[in-house]
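So the structure is just underneath, and the comments pick up after that.
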Amino acid sequence: MAPSYEAAINTQTNAADILDKDDQRSQNTLQESELAADTEKQAPSQPPAQSPWGTADPPPDGGFAAWSVVLGAWCIGTFQTYYETTLLSEYSTSTIAWIPSLEVFFMFFMGPIVGTLSDRLGARVVIIAGSLLHVFGLMMTSISTEYYQVLLSQGVCSAMGLCAIFQPSMSSIPSWFNKKRGAAYGIIASGSSAGGVIFPIMVDRLITRVGFGWAMRIAAFLILGLLVVTCLTVRARIPPMKQRMDKEALLRPYKEVKMLFLVSGFVLLTFGVFIPINYMETSAIADGMSTNLAQYLVPILNAGSLFGRMGAGAFSDKVGPYNIFVVVCSLTGILVLALWIPATNNPGNIVFAVLFGITSGAYFSLSAALVAKIAPLREMGYWTGVLFLFASIGALTTNPIAGAILQRDDGSYTGMKIYSGIFLLAGTVCVLMTRIRQTGWVLKAKF
């Protein structure tokens, strides 16, 4: 599954009603036409905005300020995967199954609230509050001795804080980048892959040497240092909206057919994409892989995802985010069905970990880029939050469902793998419908 993985005007027409079908028009011209329609519908007492970007100039697509925002958002990603996958080795398997599900659920579920606050208050204010909440939750986890304490501190407090950090950072990018937007998102998402390689190994060694409590504190201090960089660098170029979103703006994403297809696709993809991540290690052990080797499968997956996320972002600038997303997510589902199911030895499981990491990278790196293609720029935070809100359904329930399938099949992983692959392909079809709704059946359209 990225966090990171945003701003608004008082009244604005649906982006889909304004988008020009002409593929030759540039993105700048496209979004300028959106604002022109918006200002016509504004009350006479409201002065029109200077440009669709809320400033005199379009996104700079580079420069120190723009890339510093990417740096700050990348710092968030370096601990995101650790946050979702590494914790509480002392607890039973049934207990652990709910904690990461609850973590990812709250990361996504708080999306609309965080997005609206980011649009109204600005990204930096929300990120600072989220940083304090997240680090506080990690520190409380380090002194927790009961299950409910860990559930509240790590599963709720830290997760809500991370949502308030990651989502505003991701939603700030469209105001800084247009032509290089995909590359920026890819670089940001690569941070979680780097963290997924470094943190599991680091924390495992720390737990052995200094115990779980101090391992969590050391991780929290490291995360705090990264978050200081984030708080100093991440901001949006668009001034925050001073007034509340009206009812029409709140309902706009629910009335946009392209958004409904996109949301449906991400819900289905979320049901499928986290199963290999969460069960790859135990599945390989069941196939006879040693525990010492199996513990490196997730870092291997994240190493592959590092290239997949950056590659998907870079190629999306060339061919369009929807085009690259549909292709690589289709490959992800095919890999699960055609490679993970028959992989019953060490080489097969290792090859699957690498290839799945590469192809699944688009799910984590391009979510906000997909929203940016169909959402009004000044409502990016809210629209992205709506996407994450519904994705939280899959995030909360996919682990327990997979566990139930595993139990029903008497420990056989085949049914669970089929379940994952089918949901990945079904979700990809829904995202494809968003593209078709926008471009028609034009194969070479850049979108």
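A Cβ is built for glycine as well, from the same backbone N, Cα and C atoms used for every other residue.
As annotated by TrEMBL, domain 'Major facilitator superfamily (MFS) profile' applies to 258-447.
Per TrEMBL, the feature region 'Disordered' maps to 1-57.
Taken from TrEMBL, the feature transmembrane segment applies to 64-83 (among others).
Annotation source TrEMBL lists transmembrane segment at 95-114 (among others).
Taken from TrEMBL, the feature transmembrane segment applies to 121-141 (among others).
Summarising the annotation, TrEMBL assigns transmembrane segment to 147-170 (among others).
Sequence annotations record features per position, and here TrEMBL assigns transmembrane segment to 182-202 (among others).
Marked as transmembrane segment by TrEMBL: 214-238 (among others).
Feature annotation from TrEMBL assigns transmembrane segment to 259-277 (among others).
The transmembrane segment annotation in TrEMBL covers 297-315 (among others).
The transmembrane segment feature in TrEMBL is assigned to 322-343 (among others). Remote same-chain residues near the transmembrane segment (322-343) are listed as 182, 269, 272-273, 276, 283, 287, 308, 312, 315-316, 349, 351-352, 355-356, 359-363, 366, 370, 373, 414, 417-418, 420-422, 424-425, 427-428, 431-432, 434-435, 438, 446-447 (criterion: CB distance under 8 Å, separation of at least six residues from the stretch ends).
What TrEMBL records for 349-371 (among others) is transmembrane segment.
As annotated by TrEMBL, transmembrane segment applies to 383-406 (among others).
As annotated by TrEMBL, transmembrane segment applies to 418-436 (among others).
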Taking 3+ C-beta pairs under 8 angstroms (sequence gap of 6 or more) as contact, is the transmembrane segment (147-170) in contact with the transmembrane segment (418-436)? no
If one takes Cβ-Cβ under 8 Å and requires six or more residues beyond its ends, the residues near the transmembrane segment (121-141) are 6-7, 87, 114, 149-150, 152-154, 156-165, 168-169, 171-172, 216-217, 219-220, 223-224, 227, 230-231, 234-236, 239-240, 381
Highest Cβ pair tally under 8 Å against the transmembrane segment (297-315), stretches 259-277, 349-371, 418-436, lands on 349-371
Among 259-277, 383-406, 418-436, the most Cβ pairs under 8 Å with the transmembrane segment (349-371) come from 259-277
For the transmembrane segment (383-406), could you work out the same-chain residues 6 or more beyond its ends whose Cβ comes under 8 Å from its Cβ atoms? 6, 94, 97-98, 100-102, 104-116, 163, 167, 170-171, 253-254, 259, 262-263, 266-272, 274-275, 278-279, 367-368, 371, 374-376, 412-413, 415-416, 419-420
